[in-house]
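Asker: Quick one: this structure, given as structure tokens, is what I'll be asking you about.
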Amino acid sequence: MKIDVLTLFPEMFHALDHSIVGRAKTLGQVEMSFLNFRDFSTNKHHKVDDYPYGGGAGMLLTPQPIFDAFHSLEAKSPRVILTTPTGKPFNQRMAEVWAKEEHLVFLCGHYEGFDQRIHDELATDEVSIGDFVLTGGELATMVMIDATVRLIPDVLNAQASHEDDSFSTGLLEYPHYTRPADFRGLTVPDVLLSGNHARIEAWRREQSLERTYRRRPDLLEHVELTDVDKKFLQSLRD
């Protein structure tokens, strides 16, 4: 996969040189470049922003530098993701779809956002990572890159490492425990020490259902529930 990022702050992306994403870059599983679109400004002062027509607070990113930076990529039908608080909420399903793409381009917003023509002519996806406003799209882009790259085949050591993640099944993930079995009187649930895989799977399913019910009940509307699941959830409501 190839990922290009158009940003005013390419130096922020050094964080992606570490951990799983950094290893994927080193192994050639993903190729990344970070273009400062200020370098493409034809303004003598290299300005990339201007006042909005019709008035209003703040400054907008102008089309010229971003269009020219984008076309310098000579990309063939990439998926172009524009970061904006008005976009669709990013989720695990998006990451799963994007992980199958050959080429992703991220446009990092700043100031009061982009001139609408950038939205209309360049973006294939307008995406937000939550109901809050950041100073720029760089952190949001790093979040989305991390969530996507880890799903590329062979990036994680084991496929199951992400197949059981929260949201991959539609439910929040169950609790995890490791050694020691008793830490200062805090013990691991007996079922996990039983060696009975059927009981362990049933326990994990119930834990996922309960955690989702108590923390993100909205997710249950989109999960295919068995009769056993429904009975367990009803017991929580009672």
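Please read every residue number as a count from 1 along the shown chain.
Every residue, even glycine, has its Cβ placed from backbone N, Cα and C.
Worth saying up front: this structure is predicted, and the values here are computed from it rather than measured.
Straight from Swiss-Prot, here's the annotation block:
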type: BINDING; residues: Gly109, Ile129, Gly130, Asp131, Phe132, Val133, Leu134; note: S-adenosyl-L-methionine binding site
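Neighbours and distances for these, please.
Answerer: The Cβ of Gly109 (S-adenosyl-L-methionine binding site) lies under 8 Å from the Cβ of Leu61, Leu82, Thr83, Thr84, Gly136, Gly137, each of these being in the same chain and 6 or more residues away along the sequence.
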Asker: Sort out for me which one of Val133, Leu134 has the most neighbouring CB atoms within 10 A, since those are the binding-site residues we care about.
Answerer: Leu134
Asker: How many neighbouring Cβ atoms, not counting its own, are there within 10 Å of the Cβ of Asp131 (S-adenosyl-L-methionine binding site)?
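Answerer: Its Cβ has 7 other Cβ atoms within 10 Å.
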Asker: For the S-adenosyl-L-methionine site (Gly109, Ile129, Gly130, Asp131, Phe132, Val133, Leu134), what does the 8 A shell look like? I mean other same-chain residues with CB within 8 A of the CB centroid.
Answerer: Pro85, Ser128, Ala140
Asker: Hey, what's the widest CA-to-CA gap across Gly109, Ile129, Gly130, Asp131, Phe132, Val133, Leu134, the S-adenosyl-L-methionine contacts in the record, in Å?
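Answerer: Farthest-apart Cα atoms in Gly109, Ile129, Gly130, Asp131, Phe132, Val133, Leu134 are separated by 16 Å.
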Asker: Given the binding-site residues Ile129, Gly130, Phe132, and counting only Cβ atoms in the protein chains shown, which has the most within 10 Å of its Cβ?
Answerer: Ile129
